[in-house]
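Per Swiss-Prot, active site, tele-phosphohistidine intermediate is recorded for HIS11, and the stated evidence type is sequence analysis. Look at Swiss-Prot and you will find GLU89 tagged as active site, proton donor/acceptor, backed by sequence analysis. Per Swiss-Prot, substrate binding site is recorded for 10-17, 23-24, ARG62, 89-92, LYS100, 116-117, 185-186, and the stated evidence type is sequence analysis. Residues or ranges marked as site 'Transition state stabilizer' in Swiss-Prot (evidence: sequence analysis): HIS184.
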Amino acid sequence: MAVTKLVLVRHGESQWNKENRFTGWYDVDLSEKGVSEAKAAGKLLKEEGYSFDFAYTSVLKRAIHTLWNVLDELDQAWLPVEKSWKLNERHYGALQGLNKAETAEKYGDEQVKQWRRGFAVTPPELTKDDERYPGHDPRYAKLSEKELPLTESLALTIDRVIPYWNETILPRMKSGERVIIAAHGNSLRALVKYLDNMSEEEILELNIPTGVPLMYEFDENFKPLKRYYLGNADEIAAKAAAVANQGKAK
């Protein structure tokens, strides 16, 4: 049976991950640790014999720079890359820039967990005159006002990620090309929920660690056979637990 593999990588730790702030569409860069995580992911993929034909990422530099570092370690800096806003992190609305633990102290752990992980729950909206509104950013100049979020739930994130998967990424994989996607915690959770047919309750508890290759294997009909991380299982579990704890009051 022919098996097709897909590699997903959540960007390495960003400066705002380090500061425990809601990031969303804010274009913050990787921390030093994040750069190291991305390089380590590339080294691990190289050790396991991976190489690629095409890469996808978002239009946010923490994902773009993660991909750069991964491909550099693979000696594939030349690889063709498509950047799409549809792979961006979920938009966190008026929470963007706020400290997660301080927000939990103000609103409670459960409310913040719902804002972070609830399927259909949206954080408080931005207003269009807010400097954080993506309509002020030239990289989104060609998007319609309807496409520009004031806030997003995971459900709304799925509404942009999955059509892009089905219409753009999957056809390339079906043509036989080997694909890597460098994206974000929630855009990748959106894809995992879809591929694994997860319930809303199951996806609530899924936390994807930064800078760790997440592997999928598909059968000849492109149905997922298995999903697993590359790397030390104990270290990965600890990183995932740390992601879960970010939204709790100190």
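Glycine too: its Cβ is placed from the backbone N, Cα and C atoms.
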In sequence order, the recorded positions (HIS11, GLU89, HIS184) whose C-alpha falls within 10 A of GLY24 (substrate binding site): GLU89, HIS184
Secondary-structure category, per DSSP, in which TRP16 (substrate binding site) falls: helix
Among ARG10, HIS11, LYS100, HIS184, the most crowded of the recorded positions [Cβ within 10 Å]: HIS11
DSSP-derived class (H/G/I helix, E/B strand, else coil) of LYS100 (substrate binding site): helix
Among GLU13, GLU89, the most crowded of the recorded positions [Cβ within 10 Å]: GLU89
GLY24, GLY185 as binding-site residues, winner by CB count within 10 A: GLY24
Nearest-integer angstrom distance between the alpha carbons (Cα) of GLU89 (active site, proton donor/acceptor) and LYS100 (substrate binding site): 16
